[in-house]
Amino acid sequence: MRSAQVYRWQIPMDAGVVLRDRRLKTRDGLYVCLRDGEREGWGEISPLPGFSQETWEEAQTALLTWVNDWLQGSEGLPEMPSVAFGASCALAELTGVLPEAADYRAAPLCTGDPDDLVLRLADMPGEKIAKVKVGLYEAVRDGMVVNLLLEAIPDLHLRLDANRAWTPLKAQQFAKYVNPDYRARIAFLEEPCKARDDSRAFARETGIAIAWDESLREADFTFEAEEGVKAVVIKPTLTGSLDKVREQVAAAHALGLTAVISSSIESSLGLTQLARIAAWLTPGTLPGLDTLHLMQAQQVRPWPGSALPCLKRDELERLL
């Protein structure tokens, strides 16, 4: 016997979270909980403002329609990426397809004073991989900060994310301030330029490896082995169903590319599922899930080791 609940939620964000020039004051989303007999499965639907095609309200309408269809015996999935992902996660839990084992390691997101960062990163246990957002300030400053971190910590590897912020000239200004001897320890730089060809040229000219992120969601993108391209960053909330995520990971691995499962600032419930997906589909690759600290609370399922308060399901607004 099938049954379902849908919950709507809103989590206050820390001050200073800015996405594409917009301040994100709250993270808004939905949960779906599916039951079939004794089995239960949860999924999170949280379109990311400025990145998702669909709004929260559109996702809610699509989710409620899909849930009603599922209750009537339908087996299809919605079209909207965030709804397809959340619904497919709930089904994957319900049917036991999504393993319980999780990779709760996270490449820490580096913000703040570079000298403080050096101290923090130097004390990191195990493999030292960290993420730095670039393109928010002057390219020269970004280059100097990255160079400082790599110089101060000889076993540090950095993942950089420019979100297509640079012109080819600015990208070159960044590279100019990174010692060529350290560039191999830049694991990859996500989407340095707006145009893919400019990003490819940057990789060839500087020897700094790049990764595709936004490109994966463009209609003309195809998976190819290319000089200077080392990785793809997959954000399931923006991608679609779990099957589509699996297809993209498989396509990347077939070409020898690293596939990184990455957060779209999901709640703790969604992040714990992404940690399980990462352990399942990309074992051995550190996922990009260090975003919980941007929020003021957890919900339903806590992230191991987090001190943030965690709301229970009965504290959420139920829609169905």
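For all residues, glycine too, the Cβ spot is worked out from N, Cα and C.
These come from Swiss-Prot:
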ACT_SITE  Lys133  active site, proton donor
ACT_SITE  Lys235  active site, proton acceptor
BINDING   Asp161, Glu190, Asp213  Mg(2+) binding site
8 Å Cβ shell about Asp161, Glu190, Asp213 centroid, Mg(2+) site members excluded | Arg159, Leu160, Ala162, Asn163, Leu189, Glu191, Ala211, Glu214, Val233
Find, among the active-site residues listed as Lys133, Lys235, the one whose Cβ has the highest number of other Cβ atoms within 10 Å in the structure shown.
-> Lys235
Local Cβ density at Glu190 (Mg(2+) binding site) - other Cβ atoms counted within 10 Å | 27
Can you grab the distance from the residue listed as 'active site, proton donor' over to Asp161 (Mg(2+) binding site)? Cα atoms, rounded to a whole Å.
-> 5
Do you know offhand how many angstrom separate Asp161 (Mg(2+) binding site) and Lys235 (active site, proton acceptor) by C-alpha?
-> 14
Measuring Cα to Cα, tell me the gap between Glu190 (Mg(2+) binding site) and the residue listed as 'active site, proton acceptor' in whole angstrom.
-> 13
Pairwise Cα distance for Asp213 (Mg(2+) binding site)/the residue listed as 'active site, proton acceptor' [Å, integer] = 8
Count the other Cβ atoms sitting within 10 Å of the Cβ of Asp161 (Mg(2+) binding site), across every protein chain shown.
-> 22
